[in-house]
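These notes are about the structure you will find just below.
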Amino acid sequence: MSFSSLPTEIQSLLFLTFLTIYLVTLMGNSLIILVTLADPMLHSPMYFFLRNLSFLEIGFNLVIVPKMLGTLIARDTTISFTGCAAQMYFFFFFGVAECFLLATMAYDRYVAICSPLHYPVLMNQRTRAKLAAASWFPGFPVATVQTTWLFSFPFCATNKVNHFFCDSPPVLRLVCADTARFEIYAIVGTILIPSAKGKHKAFSTCSSHLLVVSLFYVSLSLTYFRPKSSNSPESKKLLSLSYTVVTPVLNPIIYSLRNNEVKNALSRTFHKALALRNHIL
């Protein structure tokens, strides 16, 4: 149902707003990936993890935003049962992976600040590859269990999902069975994932990281602590917007535009590209 209760003019305005944010998110995160790969000065562990985060943010947006934009502009409010399950699966996969990657990035900053002399040895290429793999992998079992379990319930209520994507709480409202055990699982998962080891140790040292993590986890926790609560669906939509649309667009701004190393790398890349163009001409 997305934002179908709003007037057509407001929906058109939302379409333009979300389209702009979507394009900025894709371009900004793609630019981070390209620059951190192209510039040797940015081949440190911090930018390796930042590149992984940009991949995640792009995937996160591709799962949610295109369908939302189609719903807003084309008024196509239908999604197949399989399509809904697939969207939820990849949403959980990228969401869980981002939770663990944010924790890994915080641990990386903790080591860099508290053990600067040992940092190159502790965060060598092999270690950071293992940490990245450990961040991505948990998304598979969590997404598989959560999606398979939820879609194994009987659905005998209305087929209208009062949300802008197939998220767990609005789909859970359509189930006509006892979902108490599933809700406990959702609550436990929400508590355990943000408590990943090492994340809290680095919060006091990285204000930018703290801003991203706080926005992501606060809105996520408020949404999933009570999956089937009677809270206003509109309020849950707004909360969901913060971690599905707002956080991904903040990534390039917070981690790059406020970072002198990245800005210098962008300048070097631009001048190299300009010099190559002039040479070809």
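Backbone N, Cα and C define each Cβ position, glycine as well.
Caution: TrEMBL annotation is automatic and unverified by curators.
Ranges compared are 49-69, 238-258, and TrEMBL records transmembrane segment for 49-69. If you average pLDDT over the domain 'G-protein coupled receptors family 1 profile' (28-281) in this model, you get 81.
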